[in-house]
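Taken from TrEMBL, the feature domain 'Thiamine phosphate synthase/TenI' covers 70-248. Annotation comment: TrEMBL describes Gln98, Leu99, Arg100, Tyr101, Lys102, Asn130, Ser169, Lys198 as 4-amino-2-methyl-5-(diphosphooxymethyl)pyrimidine binding site. Residues or ranges marked as Mg(2+) binding site in TrEMBL: Asp131.
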Amino acid sequence: MEQDRQRLPEGGIFYELDRHAAKVYIRDSLVRLQTGGPRPGGFVMARPFFCPGRTWGAKGGFSLGLFQIHVVTDGQKAAQELAEVVRKVAQAGADAVQLRYKAAPALELYRLAEQLLPVLDGTSTRLLINDRVDVALAVGAHGVHLAAKSLPVDRVRALLPAPMVVGRSVHSLEEALEAQRSGADYVTFGHVFTTRSKPGVPPRGPDDLRRIVESVDIPVLAIGGITPNNAAEAARTGCAGVAVIGAVMGHANPGAALSALARALEASGAAPAHPFRWPAS
């Protein structure tokens with residue numbers, strides 16, 4: 001596979017597994033086996049994926065998890081240390097790494113993103129850039145995640161090519177509905193649980209998360225204080241997954257921390273109300 005990837009020209013097409021289709025097929029097959037129903041029909045489990053200047057293959061440590069796990073960087077690690085953390089979480093099955101470094105000038109953020117791209121090659125972990133639409137476009141990221149007080153989603157959507165996703169941080173039902181109306185592909189809602197990053201600020205809690213999930217038609221990721229101990233509680237709201245910072249970035253073994261989160265989500269017995277689907281390019 002590695003030799004095949006190397007033979008592809010820049011901007012070449014490579015095939016990756018459609019994870020959601022595989023998950024749904026397996027889940028439906030198990031249900032039909034238990035109930036005696038007919039087998040589901042066949043389907044194509046691979047799709048072309050194009051990204052300028054690089055190619056993407058099947059990830060190491062491939063997981064059939066129904067829930068997304070996005071790792072948000074904390075802006076506290078040097079480039080080399082950050083690259084090593086990103087390598088570990090990609091190998092452990094992270095669906096996306098959101099590069100968030102609010103204090104960094106555009107050029108510094110761009111160069112940091114450039115260093116992370118080779119780390120993600122050969123995996124299906126996507127790179128999202130927090131807030132900086134210019135950097136996301138320049139580096140060829142898979143998308144951009146906008147802060148609650150960032151540019152309007154519809155304006156950003158108009159600037160980006162269709163395969164790039166646009167996410168938005170929201171803190172209320174009104175903000176979530178507005179993000180959906182404006183064309184956001186997904187939202188993150190929080191903080192759901194108590195977190196050290198917001199001392200003294202009461203968490204919004206799983207009930208508010210559930211209300212958001214039930215009120216919109218796009219994927220909702222839970223963020224804020226997510227750990228293996230409460231991930232199942234978040235999953236049972238119908239959210240599409242979680243976005244985490246400290247639980248992974250602050251852990252001595254980021255890969256093991258991510259795997260523990262994945263196991264907790266799957267053990268919840270829940271399924272996303274609106275599954276996260278990465279667009280084919």
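Using N, Cα and C of the backbone, Cβ positions are placed for all residues, glycine too.
Averaged over the domain 'Thiamine phosphate synthase/TenI' (70-248), the predicted model has a pLDDT of 96. Cα of Tyr101 (4-amino-2-methyl-5-(diphosphooxymethyl)pyrimidine binding site) to Cα of Asp131 (Mg(2+) binding site): a span of 9 Å. Once Cβ contacts within 10 Å are tallied over all protein chains shown, the binding-site residues Arg100, Lys102, Lys198 are led by Arg100. Taking all protein chains in view, 21 other C-beta atoms sit within 10 angstroms of the C-beta of Ser169 (4-amino-2-methyl-5-(diphosphooxymethyl)pyrimidine binding site). For Asp131 (Mg(2+) binding site), applying a Cβ distance below 8 Å and a minimum sequence separation of six or more within one chain yields Arg100, Lys102, Val144, His145, Leu146, Ala147, Ser150. In the three-state DSSP scheme, Ser169 (4-amino-2-methyl-5-(diphosphooxymethyl)pyrimidine binding site) falls into the strand class. Cβ neighbour count for Tyr101 (4-amino-2-methyl-5-(diphosphooxymethyl)pyrimidine binding site): 21 (other Cβ atoms within 10 Å of its Cβ, all protein chains included). Among the residues the record lists as binding 4-amino-2-methyl-5-(diphosphooxymethyl)pyrimidine, namely Gln98, Leu99, Arg100, Tyr101, Lys102, Asn130, Ser169, Lys198, the two farthest apart have Cα atoms separated by 20 Å.
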